[in-house]
Amino acid sequence: MAPCSCKSCGTSCAGSCTSCSCGSCSH
């Protein structure tokens, strides 16, 4: 999986993840 990017909140998650929300990422 590609890294998650939460553009609306300006946050990002390094590495692979299954879901991305404002300020947090689930692996």
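Cβ coordinates are placed from backbone N, Cα and C, and glycine is handled just like the others.
For reference, Swiss-Prot has these:
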- C4, C25: Cu(+) 1 binding site (BINDING)
- C6, C25: Cu(+) 2 binding site (BINDING)
- C6, C22: Cu(+) 3 binding site (BINDING)
- C9, C22: Cu(+) 4 binding site (BINDING)
- C9, C20: Cu(+) 5 binding site (BINDING)
- C13, C20: Cu(+) 6 binding site (BINDING)
- 1-18: compositional bias 'Low complexity' (COMPBIAS)
- 1-27: region 'Disordered' (REGION)
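The structure, with features from Swiss-Prot marked on it.
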{"residue": "C13", "record": "Cu(+) 6 binding site", "DSSP (3 states)": "strand"}
{"residue": "C20", "record": "Cu(+) 5 binding site", "DSSP (3 states)": "strand"}
{"residue": "C25", "record": "Cu(+) 1 binding site", "DSSP (3 states)": "strand"}
Rounded Cα separation (Å) that holds between C20 (Cu(+) 5 binding site) and C13 (Cu(+) 6 binding site): 8
Inter-residue C-alpha distance, C13 (Cu(+) 6 binding site) and C25 (Cu(+) 1 binding site) (nearest angstrom): 6
Packing count at C25 (Cu(+) 1 binding site) (other Cβ atoms within 10 Å of its Cβ): 19
